[in-house]
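A.B. asks: Quick one: structure below, then a few questions.
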């Protein structure tokens with residue numbers, strides 16, 4: 001019996017590793033990513049919500065590749081900064097900005113806030129889509145406090161300034177296994193599990 005294929009609609013190696021580490025013990029899919037389809041061009045993230053961009057990425061890839069696709073759009077929101085960086089989290093300091101440049105811009109803005117206002121929330125919106133248009137969408141979040149001095153060397157994005165209160169450490173200071181138990185992406189995947197289970201058992205269809 002051939003394995004079912006699940007395409008992760010990203011070229012971000014950190015995301016790929018995190019998602020696969022959570023799902024592989026649960027589902028025996030043939031896991032691919034957009035790195036396996038160099039001819040595919042991802043759509044511009046033109047929507048103004050995490051949910052909208054996740055739908056856009058999932059549906060476009062599923063129809064173009066003819067395969068089931070799992071896509072997510074995620075980022076950090078800071079209520080005291082009008083929910084910035086928000087959907088621009090990966091390009092907060094510019095289209096081709098590095099994680100460090102994005103963090104530096106945010107840290108500069110955080111310095112103007114009182115300590116009690118330096119709180120943020122990682123958000124992950126995730127969509128499972130089929131070539132026929134079956135769509136399942138979930139959203140999850142993870143709250144924490146924000147630092148103006150980065151700590152830790154693991155993780156990616158804003159992890160080195162994001163402190164999960166129950167650990168008293170940044171996401172870049174805790175080990176990957178621990179982070180993957182509490183992250184926004186883990187919470188979204190947990191909500192998505194029933195739909196992935198249905199796909200695994202061929203219970204989802206376009207009807």
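Cβ coordinates are placed from backbone N, Cα and C, and glycine is handled just like the others.
Residues or ranges marked as active site, proton acceptor by TrEMBL: 73. As annotated by TrEMBL, substrate binding site applies to 10, 11, 12, 13, 14, 15, 74, 156, 157, 158, 159, 179, 184, 185. Positions annotated as Mg(2+) binding site by TrEMBL: 44, 73.
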A.B. asks: Give the maximum pairwise CA distance in Å, whole number, for the residues 10, 11, 12, 13, 14, 15, 74, 156, 157, 158, 159, 179, 184, 185 listed as binding substrate.
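C.D. replies: Farthest Cα pair among residues binding substrate: 21 Å.
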A.B. asks: Counting only residues 6+ apart in the same chain, whose Cβ is under 8 Å from the Cβ of residue 14 (substrate binding site)?
C.D. replies: 155, 156, 157
A.B. asks: Which entry in the list of binding-site residues, 10, 12, 74, has its Cβ near the fewest other Cβ atoms, using 10 Å as the limit?
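C.D. replies: Each of the binding-site residues 10, 12, 74 was scored; lowest Cβ tally within 10 Å is 12.
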A.B. asks: Work out how many Å separate the residue listed as 'active site, proton acceptor' and residue 10 (substrate binding site) at their Cα atoms, rounded off.
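C.D. replies: Distance between the two Cα atoms comes out at 10 Å.
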A.B. asks: Does residue 184 (substrate binding site) have same-chain partners at least 6 apart in sequence with Cβ under 8 Å from its own Cβ, and which are they?
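C.D. replies: Residue 184 (substrate binding site) has long-range Cβ partners 74, 122, 123, 124, 140, 141, 142.
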A.B. asks: Measuring Cα to Cα, how many angstrom lie between residue 12 (substrate binding site) and residue 44 (Mg(2+) binding site)?
C.D. replies: 16
A.B. asks: Measuring Cα to Cα, how many Å separate residue 44 (Mg(2+) binding site) from residue 10 (substrate binding site)?
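C.D. replies: The Cα atom of residue 44 (Mg(2+) binding site) is 13 Å away from the Cα atom of residue 10 (substrate binding site).
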